[in-house]
Amino acid sequence: MNKIVSKEHFSANVVKLEVEAPLIARSRKAGHFVIVKVGKTGERIPLTIAAADTEKGTITLVIQTVGESSRKLCELNEGDYITDLVGPLGQATHIEKVGTVVCAGGGVGCAPLLPIVEAMHKAGNRVIVVLAARSKDLVILEEQMKANSDEVIVMTDDGSYGKKGLVTNGIEEVINREEVNLCVTIGPAIMMKFVSLLTKKYNIPTVASLNTIMVDGTGMCGACRVSIGGKTKFVCVDGPEFDAHQVDFDEMIMRLGAYNGLGKK
Ligand code: FES
């Protein structure tokens with residue numbers, strides 16, 4: 001059981017929880033995730049660790065309400081307990097100094113992007129963040145991104161904040177004005193697909209952090225199966241980050257759609 005020590009609403013359906021998990025706080029690295037369960041029979045939800053405080057022994061999770069299980073998690077309050085929390089899982093992000101890194105996040109994907117932005121910046125890279133959301137009220141973590149990068153470009157679909165356009169418009173603006181050595185993207189699968197197509201056109205190495213369905217988180221159940229360069233990989237043990245240009249996003253979107261309708265036309 002892990003106690004929730006603070007709760008904050010980022011927007012109507014996005015919540016930030018700070019949870020007691022001292023061992024995970026100490027050992028987690030950028031890119032790691034946890035699997036949480038609310039209630040004995042609850043579904044297991046994979047969540048990337050957005051931040052950790054080793055002194056307080058807490059980790060920060062950012063959750064978007066997309067179904068019954070995430071709704072239950074978002075309804076918990078300060079002082080409540082999460083039934084099960086397992087981690088850190090997955091492979092940590094490969095961090096090195098490569099030059100200029102564009103970090104592109106969409107919606108709630110901006111939360112797991114934050115530790116990567118921090119680590120890339122600390123490693124001495126010039127880091128440009130492109131934050132994308134449907135509208136102003138869905139833009140999250142802008143201040144934290146600003147504090148840990150060289151520049152933040154905000155894109156909104158409806159133009160209610162920042163520049164009007166998609167995440168790919170923001171990335172292309174950067175590509176057109178300076179050399180980009182690496183792109184890291186986290187967001188909805190369809191968004192990452194189009195980021196990948198764009199950067200492939202410009203030959204820019206790109207890493208995508210995949211957010212598939214997960215059940216056991218140990219490589220046994222196959223729920224998180226994806227095709228990378230024609231080979232089967234498991235996001236929970238081999239990922240969550242992969243060479244975006246090798247990911248079969250269409251297959252991933254179709255498999256996600258089998259659960260929530262996202263993959264349907
Ligand atoms: Fe079961 Fe990855 S979650 S194999």
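The backbone N, Cα and C atoms fix where each Cβ goes, and this holds for glycine too.
Not measured: the values here are computed from a predicted model.
Taken verbatim from TrEMBL:
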- Val62, Ile63, Gln64: FAD binding site (BINDING)
- Cys221, Cys224, Cys236: [2Fe-2S] cluster binding site (BINDING)
- 1-95: domain 'FAD-binding FR-type' (DOMAIN)
Counts of helix, strand and coil residues, the domain 'FAD-binding FR-type' (1-95), according to DSSP: 14 helix, 47 strand, 34 coil
Candidates near ligand 1 among the binding-site residues Val62, Ile63, Gln64, Cys224, judged by a Cβ under 6 angstroms: Cys224
[2Fe-2S] cluster site shell beyond Cys221, Cys224, Cys236, criterion: Cβ within 8 Å of Cβ centroid: Thr212, Ile213, Met214, Val215, Asp216, Gly217, Thr218, Gly219, Met220, Gly222, Ala223, Arg225, Phe234, Val235, Val237
Within the predicted model, mean pLDDT of the domain 'FAD-binding FR-type' (1-95): 90
Other C-beta atoms that fall within 10 angstroms of the C-beta of Cys224 ([2Fe-2S] cluster binding site): 25
Cβ-centroid neighbours of FAD site Val62, Ile63, Gln64, 8 Å, sequence order: Phe10, Val14, Val15, Lys16, Leu47, Leu61, Thr65, Ser70, Cys74, Val108, Ala111
Per DSSP, three-state class assigned to Cys236 ([2Fe-2S] cluster binding site): helix
Close in space, distant in sequence - Gln64 (FAD binding site), Cβ under 8 Å, 6 or more apart: Asn13, Val14, Ser70, Gly107, Val108
Distance, Ile63 (FAD binding site) to Cys221 ([2Fe-2S] cluster binding site) (CA atoms, angstrom): 24
Cys236 ([2Fe-2S] cluster binding site) and Ile63 (FAD binding site), Cα-Cα, nearest whole angstrom: 18
Residue pair Cys236 ([2Fe-2S] cluster binding site), Val62 (FAD binding site) - Cα distance, angstrom, rounded: 18
Sparsest-packed of the listed binding-site residues (Val62, Ile63, Cys221, Cys236) - C-beta count within 10 angstroms: Cys221
